[in-house]
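A short write-up of the structure that comes next.
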């Protein structure tokens, strides 16, 4: 998203200075005193609220206008803006026109103001306490409501089961009554006799009763639709706002592939995401290796030594064998889950289906409790960057070749180790997909590096 913001503002004639996080942003603002600060509300090291407070505490920055960028900006009121010291807020994702409108309006308002902004009220302790109490009350009410709904569903299921049992008994009695007393009724004979004595309508009605029970056993469908009509980000935001519990199944549709990602949620947070028919990059082993939690030799040995039959989850097995602590496994699962959600946000065509109260055993064990807002912020930022990457790389089957003259003219020691590894792997023969497999890199990380190499003209399309 930073690149999109930078490109929009530079094209409009603004000078833009980027910062990776709130701490770096404060340092750069202190060094140059900008005319405006655009702040992402969710940032590492120092979030948007903390940065606003820090700016207001520095004399030469206290009157610099601040605009918050947030996925929930439409629900941010004047009171919250006053608490942060921000002048305005803009909802993500936003169009270039909206960004320019908010930016110019904020700068005009700041220029028209002659008095310094009011000091921030020091009621953080009171607000924090009230917020915790409100969340606790809300959680209790929603838990009670969920328990009531679960009990109602169980009673309905029991009633359906009684109707099915009565129908089975009725069909069996009719078949037995119509059979000669001397004829033994084995299972096959009884089935044949039921088929002969029962009408097709009766059997189909019986099947319909069974069909009604199946979804009730796994939850109830609360929402479904097409990604093309309602973006997945909006669906996730709604489920978070309503603090829903269940499984959101996202299915990608295409002529050459069909993939499914299941996002398991509890009270509006993400407990785990599971992928089916996904690329190798989303397997847990990759994250264990990248986090340096496991050696490749140990991983390959454990995978090859798996016994036939029902499989124990890899992470659970590693914890039981002492290779990982529970906290280390959680760390890898957070990365895997986050990147699966990021991937689903990229999909342009497909369907989604939210099943309330459904769950997966893996999610019950993981219980990551990840906030959707933070994942959406990063996911939408990646979507913006993917658009830029795909302008340079049309297909993962593209072949790139190195430009030897351009490479000879630069100091290769200035490249990061990952950039050097990617550059060395480009030989004019391997596809981008093959390079990703060879290096064991995620597609997003590889795409960013290839974008930089292509932009710098160190590599070209073969």
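Including glycine, each Cβ sits where the backbone N, Cα and C put it.
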Given ranges 62-108, 109-155, 156-202, the stretch to which TrEMBL attaches the annotation region 'Disordered': 109-155
Secondary structure content of the domain 'Response regulatory' (1-107), with strand meaning DSSP E or B: 55 helix, 13 strand, 39 coil
Local Cβ density at residue 40 (4-aspartylphosphate) - other Cβ atoms counted within 10 Å: 21
